[in-house]
Structures are given as structure tokens and as C-alpha cells.
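Novice: The transmembrane segment annotation in TrEMBL covers 89-106, 112-130, 202-221, 227-247, 389-411, 431-452, 472-494, 514-539, 560-579.
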Amino acid sequence: MERADGVDHHQDIMSESDDQEAKWVQDSSVDHKGNLPNRASTGVWKASLFIITIEFSERISFFGIATNLIMYMTRVLHQDLGQAAKNVNYWTGLSTLMPLVGGFLADTYTGRFTMVLFSSLIYLMGLSLLTMSEFIPSLKPCEIVGKCIQARKIHEVVFFIALYFISIGTGGIKPCLESFGADQFDDNHPEERKQKMSYFNWWNSALCCGLLLGVTVIVSIQDNLSWGIADLVLAIFMAVTLVIFYLGKPYYRYRMPDGSPVKPMFQVLVAAFTKRKLSPPSNPSSLYESPMSKMSQGRLLCHTSGLRFLDKAAIIEEEENMGSNKKIKNQNQNPWRLQTVTRVEEMKLVLNMIPIWLTSLTFGINVAQSSTFFVKQAATMNRQISNNIIIPPASIYSIGAIAMILSVTIYDKMLVPYLRRATGDERGLTILQRIGIGLVFSVFAMVVSALVEMKRLKIVEQEIENRTKTMLSMSVFWLAPQYTVLGMGDAFTLVGMQEYFYDQVPDSMKSLGIAFYLSVIGLGSFLSSFLIIIVDHITGKICDHKSWIGKDLNMSRLDNFFWLLAALNVLNLCVYVLLARKYTYKNVQGRVVQTVGDCHNKDDGVELIA
């Protein structure tokens, strides 16, 4: 139908719709007043910079504490190497598993902004308590610094309480802050979607800059001035960036919690089991789907052919035909009996993630070495640059951070544009390809670590045999290759995992998605501690009572432990490649898709998220 002036009325409607989309963000987010966000004044980089600022501060604090923690426990608390390594791994592990709790609470009840704000205050309390444990006389580790062989019990208690306050704060900040930053980009807007892909790269660059300052400036203050001054600096910095984060409130786009994201998963399983005797239909268009207009948040997902047993949850048992439309007689259907295709596909997404998550755990074990055994290696080596400058052991960690920053920058600015042209993929490489490349780097990192440790032990043996001769100790920069290779691997695996666990989870589980990624690092730390216990027990029995991991690093065989990790990484990589080749990515319906069956044709308006 045309108007008298010859202009198609349908085109006018489409033009008006495009104008509305250009002005207002219509992805279920709201502004700070609860209205539709204005695209020009909210979100994207202007909002993300406020969010990245507090991440920068949190990473300075976390890595300033974490990378030198093993030195504090051995030098100040006077714990032996094995006990100190286990305590560091327990704390790191809990700090990266707590986000599962924080992410669930944010997605279900509080929303991301509120959770970040509340958790940052808890984090600040932990830093303040650490500071007090160093300055209040009755809480200090010793009456006279450096003159005791055992720290006071009260100091240990306050110290660990403060550490676990920081863990709790991390549990709310880490899953919500990164996903809150990603929420500032509209997936339905082509330009913002591309910016979002770069967002994860630059997020990690900010993370690494914070890490770099933490392991250089903060660690230097700890080693050369005092732990108390370092804690005070961190507390002040966190307080300042918390205020900056709050000032960005008018510029943010917010997603309101939409109830428990876990309950629908159980409903799909129960519905599928209840109808287990039914056969899935050959035509997926006969499965039940809710109209887009009835969805409060999220997007409709297309049907996929995997895990067909779950499709039974969307089979309509009672229906009546009204023309070409199928309608459920009881509009208030029981969700434990009937679920939509989108809910079924969300369940499939979570189940498909489990194997990928499991094959990422060896990477988490590798990461645990960089803040424990790598740092202890550095402590035994020649760290002197000049007569007056000695590198703190934990500062060697900065090499890995620099390698990651450079790798991320080169990948984002140089490789991605070329790969987009070569592969036709919007990302350049698919997410799982990027993670896989990082896992290959992890294998080489452990091989290099083993070779360097063999060299270090050989020099130690020579120095013991030639005590009367003047021999230079092995330079700490021999550790640079293993940190560099591991940092390059982080640029692929860490960034890839962040993007994977954010993009491939259901829309209602974005905070939990980041928590799943963090749990890889957390569980990797626990598995590292468990592996240390097993290796120590077995090698202590079969190697003439000389454990690979003894109290004295120079009398241990850490090289064999690294070879073991390299072998585990190779086996894991083989399994990962098999899983990645068969993986089906999230498949989101475009706006013109009308039925489930249309999803199989990309020309019909399907947007593939891969």
C-alpha cells in the first residue's frame, strides 16, 4: 500500500524504528532513573572507563598482596615452604571461587552495580584491617620487628581475617564488574558489538597495568619500607577509585535481576524427565516458544540438534489448531511440565560448557605456579641490578604482565583486522580457537620452566661443591622466558575464557558466567595444592625420602614437577581439541525470525554468536 505521494508507508515505519534504535538502547537495560538509556549519553567507553578504573585499583591491591604473600608467610609468619604454598593456594582458590556466590546473588537479587558497590566496601574493610595489623602495637607480628622466630597468634588471626574479607569482596567485585562493563555495549548494535570485542582486550590491558604496578611499586614498598605502608597505600587508592566508580552512576546502563537463573535449568530437566517417553518431533517448529513480547529480558535462542533429550521439555502435549498457529489451552502452563525452546537451549549451553570448563583447569594449575614456586625460585637467585638496587622476588611477575599487555595490543590492533579479512569471522579467531592457542603456550611455558629449573639446580650444585671459589649466582632474569611464554598464553586463554563465559552463558547469567571463568583459576589453585600434597607424599617415599617439593627449594626437584605439569597439559590439550571441534556456539534469533524452524537459515534473520 502506497500513500498519494508515492512513499511506501512500510518504509516510513522502518525508518522511524531505525531512528528510535539510533537514539535509544533497547536491549532490556535501563538508565539510573529506570528509563530507556539514551545511546548518546550512556554506555560504551565513556561508562566503561569508570568501571575499568576500579578494576585497575582492585588488581593493584590483589596482586600487590597475592604475588608477595608467600614471602610474607615464610619471612614474617615463619611458615615452611610447603605450608606457605598451600596457604597461598587456598586463599587464591577461595578468592576465585567466591565469585560463584557473588555472581549468583547479583543475577538473582541485587543487580551488578549494587553488588560491586557493597563488595568494594568489604574489600576496603579487609585492606584497612591489614593496615591496622601492621600499625597497632598489640596486633603487630612481633614486639621488635625481625627479632622473633614466631609471629604472634593474634596477628595471624587478624591477618587471615583481613585476607578473607578481601576474598569476600573479590567474590562480589570480579564477576559483576567485568560483566557490568560488558553490559555497556549493545549486542544488537553493529558498531557497539565490535567495540565490545575490543573491550575484553582492553579490560585485560588495564588488569595487567594494575598487576604491573602491584608487583613492582607495591612489592618494592613491602620489601624496602614496610608492609604496613604498602597496605595503607592500597586502602587509600581503593577508597578513591570507589568514589570515582560511584560518580559514573549517571552514565551506566543497568540490567535488573530477573529472578533465579538456576531455577529454570532445573525446570527444564524435570520437564524433560517427566516427558521422557515422548519422542522429540522431527520438525523443531512444533516445539513451544514464548513470543518475544512476553520476555522481560534476554533474547530468543534458536533450536540446535544436540542433546535432543532436553527437547522433550518443549513438547506441547495439549494443543488446539487455530489456523496455522498452535496455542496452548492453558495459558498458565506449569513450568515444571512445559518449557520454551529458549529455556531448553539455555540448559544446553550450560551443559556444553562443562567439558570446556574442565579442560581449562590445567591452565588454572599453571597460573598458580607463577605466584608461588616461580616467586620462590626468584628469591633464591641473583636479583641485584646495581650496588643499591635489588629486585624484590615478586616483581619478576611483572615480566608476564608486560608480555600479556604487548600480546593483547598486537593481537587487537594488528592480527584481528587481518584475521577478519582472512577468515570472515567478526572476531578474527573463534573464541575456542583463541583459548586453544593459549593452551599450546601453556605447554611450552611448563617445558621452559622445567629447563630453567634444571639449569638453576645445576648451578646450585656447582656452588655447593666450590664454596671456596667466588661464583656468581644465576640471574633472576633466567625466569623471564617462562613468565613471557605464560604471559603470551594469558593473552589468548584468559581473554578468550572471559569472552567465552560471558557470551556463551544464558543472558540471565552474565555475572555467573564471569564467575565460571574465575572458578577455573580458583579451582586450579586448589588442584595445585592437592597435586603438591600427592607429589610430596609419593616422591617422599620412592625417592630415598627426598621429596620433589621439600622445605629447601635448592634441595628439591621442582623441575620434575614442571615436567609433570607439561605432560598433563599435553594430554589436556588433546582432549580440548576434540571437544572444541564439535562445539556448537550460541545461536540467537534475529528480529525477523518468526518460528523456531526459521533459525536454521541464516538469511532468515538469525544472528550467530560464535
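Note that Cβ sites are derived from N, Cα and C of the backbone, with glycine treated the same way.
Curation plays no part in TrEMBL annotations; they are all automatic predictions.
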Novice: Can you work out which residues elsewhere in the same chain, 6+ from the ends of the transmembrane segment (389-411), have a Cβ less than 8 Å from its Cβ atoms?
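Specialist: Distant contacts of the transmembrane segment (389-411): 63, 67-68, 71, 201-202, 204-205, 208-209, 211-212, 215-216, 219-220, 222-224, 370-371, 374-376, 378-379, 383, 476, 479-480, 483-488, 490-492, 494-495.
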Novice: Below 8 Å between Cβ atoms, which of the listed ranges 112-130, 472-494, 514-539, 560-579 makes the most pairs with the transmembrane segment (202-221)?
Specialist: 472-494
Novice: Taking contact to mean 3 or more CB pairs closer than 8 A (sequence separation of 6 or more), are the transmembrane segment (431-452) and the transmembrane segment (514-539) in contact?
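Specialist: Stretch pair does not touch.
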Novice: In terms of Cβ proximity under 8 Å, which residues at least six beyond the ends of the transmembrane segment (560-579) contact it?
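Specialist: Result: 355-356, 359, 361-363, 365-366, 369, 373, 435-436, 439-440, 442-443, 446-447, 449-450, 453, 535, 539, 548-549.
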